[in-house]
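Reading through the structure tokens given below for one structure.
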Amino acid sequence: MTGSFGWRVTAVAAVLTIAGSLLPVDADEHEHTYADKEEVVLWMNTVGPYHNRQETYKYFSLPFCAGSKKTISHYHETLGEALQGVELEFSGLDIKFKDEVMQTTYCEIELDKPKRDAFVYAIKNHYWYQMYIDDLPIWGIVGEADENGEDHYLWTYKKLEIGFNGNRIVDVNLTSEGKVKLMPNTRIAMSYSVKWKKSDVKFEDRFDKYLDPSFFQHRIHWFSIFNSFMMVIFLVGLVSMILMRTLRKDYARYSKEEEMDDMDRDLGDEYGWKQVHGDVFRPSSHPLIFSSLIGSGCQIFSVSLIVIIVAMVEDLYTERGSMLSTAIFVYAATSPVNGYFGGSLYAKQGGRRWIKQMFIGAFMIPAMVCGTAFFINFIAIYYHASRAIPFGTMVGVDEEKIFPMFMEPAVIVCLGGILPFGSIFIEMYFIFTSFWAYKIYYVYGFMMLVLVILCIVTVCVTIVCTYFLLNAEDYRWQWTSFLSAASTAVYVYMYSFYYYFFKTKMYGLFQTAFYFGYMAVFSTALGIMCGAVGYMGTSAFVRKIYTNVKID
């Protein structure tokens with residue numbers, strides 16, 4: 001049932017994508033090949049404050065003027081492009097492949113007081129704008145102020161230099177010139193020029209200039225990966241040594257107790273995890289919610305794994321919205337993973353309301369994402385931001401003395417996420433910077449290694465926590481194993497506060513709500529995934545140790 005629901009969502013997404021791709025455009029942007037003097041479209045995307053990357057508005061929300069050429073409508077070609085607030089509008093500039101244009105005035109702005117005030121506000125807040133030519137992004141600054149901040153100037157001349165290799169565009173550069181002082185009741189002429197130059201850059205490598213190897217492949221990044229691997233090796237070795245040594249002693253003690261008579265056994269100091277063998281396989285409390293969380297976590301892990309593999313094979317960052325579109329498609333396609341793991345666990349725990357479990361498992365993550373997105377969307381609509389999504393689109397050593405206090409499930413849950421967070425927090429910095437700043441993330445091999453490390457550390461930590469919990473004769477291990485692993489998300493969200501206040505210059509209600517809203521979604525999804533991974537590993541451990549226990 002869950003799988004059929006997923007395939008219906010997949011079909012809808014596929015129809016939207018195919019329908020968008022069939023809509024006509026004049027220039028051959030899909031094949032990225034041009035004949036001489038064929039039209040090349042300059043799309044104007046968004047404008048917004050530099051320090052608030054997500055606070056963007058339509059380019060023509062500022063009183064810019066457009067060229068005289070007939071308007072071409074842009075259609076959202078992917079669902080991800082629409083959800084990311086891409087608002088491409090035709091610039092009206094006449095650009096043809098290999099056809100140079102000398103400085104030409106394409107329009108004039110009648111600068112009255114309201115228009116001047118709009119430009120002055122944009123310059124004071126360091127507004128920048130984004131354009132596209134053949135899917136290559138171009139950035140420019142609206143204007144600048146003098147040293148005293150009293151006079152403000154608008155850049156009026158867009159000087160484009162386009163590199164080509166054969167019949168393909170491989171490079172675009174923008175130089176802003178023509179600084180004009182903003183004075184009310186004046187006319188400002190906007191001009192452009194186009195220069196074409198032959199380039200040796202291969203079409204496959206044309207996005208390399210937007211990447212920042214010195215940032216992502218810095219020695220600190222390599223050192224963090226190496227450090228995490230060392231922690232994994234140490235942790236796995238430590239867990240293996242402690243558990244094998246401790247369990248061997250436990251098995252030896254329990255085997256010796258089997259040979260005692262009833263009187264001696266009653267007088268013996270019998271304690272530990274064996275004493276809860278009759279309770280440890282009881283169904284968890286609230287099995288409906290628990291099984292839905294496990295199923296959702298397994299699905300999120302599958303989506304993460306598949307999307308990272310696809311990103312390693314294909315350069316998803318070269319197409320607008322392709323990463324988000326891929327994630328949505330994969331999430332819909334992996335719905336059977338959610339149904340299988342969540343449904344089978346619910347059945348094993350004696351659940352009978354399987355239809356309700358199916359709906360909760362299917363809609364838990366989408367409801368959380370849509371709920372947060374709706375809240376942020378209302379703020380975006382209030383600010384008239386391009387991020388406002390149309391509602392149509394939305395739809396061993398004396399351990400009994402050391403750990404009594406620490407064997408409380410609440411304490412285990414709080415402490416369980418520290419080591420997993422420690423293994424990923426350096427990578428979180430790079431991921432945050434690529435999403436909230438102006439870096440393009442492309443080192444998906446690193447991301448795959450960190451995902452593997454996170455899973456191993458999470459399983460090891462939850463196994464140790466569960467062993468201590470069972471040794472304290474507390475059989476409530478299901479929720480404890482899930483929540484102790486999921487608590488990693490709490491530390492990630494706490495780190496997001498540090499990143500916001502000390503690593504960015506974001507400000508304003510819109511950007512703050514956008515940042516913390518979507519960081520809450522990201523952290524929750526990460527927590528559910530880690531919780532599911534921790535539970536699955538701990539479940540295998542619990543079943544393994546109790547298979548060797550002789551039960552009277």
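Including glycine, each Cβ sits where the backbone N, Cα and C put it.
Here is what TrEMBL says about this protein:
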- 1-27: signal peptide (SIGNAL)
- 222-244: transmembrane segment (TRANSMEM)
- 288-312: transmembrane segment (TRANSMEM)
- 324-347: transmembrane segment (TRANSMEM)
- 359-385: transmembrane segment (TRANSMEM)
- 405-430: transmembrane segment (TRANSMEM)
- 442-470: transmembrane segment (TRANSMEM)
- 482-501: transmembrane segment (TRANSMEM)
- 513-536: transmembrane segment (TRANSMEM)
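The recorded stretches the transmembrane segment (359-385) and the transmembrane segment (288-312) share 3+ CB pairs below 8 A when only pairs 6 or more apart in sequence are counted, and are therefore in contact. Contact between the transmembrane segment (222-244) and the transmembrane segment (324-347) is absent: fewer than three CB pairs lie under 8 Å, with pairs separated by 6 or more positions in sequence. Panel annotation: around the transmembrane segment (288-312), residues 323, 326-327, 330-331, 334-335, 337-343, 345-346, 349, 351, 353, 356-357, 360-361, 364-365, 444-445, 447-448, 451, 455, 478-479, 482, 525, 528-533, 535-536 of the same chain, lying at least six beyond its termini, place a Cβ under 8 Å from a Cβ of the stretch.
Nonlocal intrachain contacts for the transmembrane segment (442-470), taken as residues 6+ away from its ends with a CB within less than 8 angstroms of a stretch CB, comprise 211, 216-217, 221, 225, 228-229, 231-232, 235-236, 239, 242-243, 246, 272-273, 276, 280, 301, 304-305, 308-309, 311-312, 315, 317, 399, 403, 406-407, 409, 412, 415-416, 419-420, 423-424, 427, 430-431, 476-477, 480-481, 484-485, 488, 530, 533-538, 541-542. Proximity of distant same-chain residues to the transmembrane segment (482-501), defined by a Cβ-Cβ separation under 8 Å and at least 6 residues beyond the stretch ends, is recorded for 290, 293-294, 409, 412-418, 420-421, 424-425, 428-429, 432, 436, 454, 458, 461-462, 465, 512, 515-516, 519-520, 522-524, 526-528, 530-535.
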